[in-house]
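Annotated features, as they stand in Swiss-Prot:
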ACT_SITE  D320  active site
ACT_SITE  H353  active site
BINDING   R225, D354  substrate binding site
DOMAIN    49-357  domain 'AB hydrolase-1'
SITE      R322  site 'Important for acyl-CoA specificity'
Amino acid sequence: MTDTNCSVGIVAAQDAAFDIPLPLASGAALPGYQLRFETYGKLNADKSNAILICHALSGHHHVAGYYRADDKTPGWWDNMIGPGKPIDTRRFFVVGVNNLGGCHGSTGPSSVNPATGQPWGSAFPVMTVPDWVTSQARLADRLGIERWAAVIGGSLGGMQALHWSIAYPERVAHALVIASAPKLSAQNIAFNDVARQAILTDPDFCGGDFYQQGTIPRRGLRLARMLGHITYLSDDGMGEKFGRMLRSGEYRFGYDVEFEIESYLRYQGDKFSDYFDANTYLLMTKALDYFDPAAAHGGDLAAALKPAQAAFMVASFTSDWRFSPERSRETVKALIAAGKRVSYAEIESVHGHDAFLMTDQPYVDLMRAYLDRVAKEVNA
């Protein structure tokens, strides 16, 4: 039996169907679509206490709580969301949504294309962060939420929070941008391309139309996840957890798994290939690559952020080399140059990029203090 005392408890996903086409940055348009989402807590009378949680690459709408009493795995940010937690559901109404192109209930490549009666597959349009934010705004309209008390996201989710503040300035009171960046570096784009190539060159990928073939490009997904997972960890963190430990205690002088880190990465790859969609992985990494709000302003990030009205909290982690503190400081400097209100914290952690999902005490304390301020502003 799952202990839900400090949790939002048993939750259920909801679906919102939209019949109006969604124009996309690519020039394409997505016809009728569905967004899957979850909510926790209660919306107050003036609907001022709503918080939107934006997920990262492999995330989804199931942010907190459990689906069944015997469920062993809570939502991916359950350590932050719930009664008495930093994002306190006794004070806030929290919304988590699976982005379009995802594989957890919202319309994506594995969904049926109404024009063909077959899965979208390779025909599903490329999505961008602005496309997601537009769809999230439509969901907010559906829920009757005119203004978010806060939009919060880590990594790719932080990019969405940043874009919310630019695209809908009057609808965001606070934007929390965690372990993120205003655009990807060349190195990060390179990592994403290698991961995509692992999938694209898997014979079972079938050009993205593997659903009809009854295959799953597991080899490509495994390799993509293994590569990605390495970049989410830090050298010190990996050394502390695995070092050079051998599974059998001695060298076997072969090419099978010998080191514990090899076993761990293969386990992560195998697990990921069991539930994640290959086309979704491609879409999510491309959305990361394309995000660059400063591009439309001649590379001037401060100019891109000028429309924002929100107060910002930007946080980074010392051991995160995928989205380094330098990238967060770049955002902070641009916000200051644009005359915005911004708080910045660089948190000591050995957990690398994944630290935004962890519970390092300084991080928890930071989130609790900032969200307490947000709650007081809306009398929550």
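Even glycines carry a Cβ here, placed using N, Cα and C.
Among the recorded positions R225, H353, D354, the ones whose Cα sits within 10 Å of the Cα of D320 (active site) are H353, D354. Taking the recorded positions R225, R322, H353 in turn and counting surrounding C-beta atoms within 10 angstroms, the largest count is reached at H353. Across the structure, D354 (substrate binding site) and R322 (site 'Important for acyl-CoA specificity') place their CA atoms 10 angstrom apart. For the recorded positions given as D320, D354, the lowest number of other CB atoms within 10 Å of the residue's CB is seen at D354. Annotated pair R225 (substrate binding site) and R322 (site 'Important for acyl-CoA specificity'), C-alpha to C-alpha distance, rounded: 15 Å. Residue pair H353 (active site) / R322 (site 'Important for acyl-CoA specificity') shows a Cα separation of 6 Å. Over the domain 'AB hydrolase-1' (49-357) the predicted model carries a mean pLDDT of 98.
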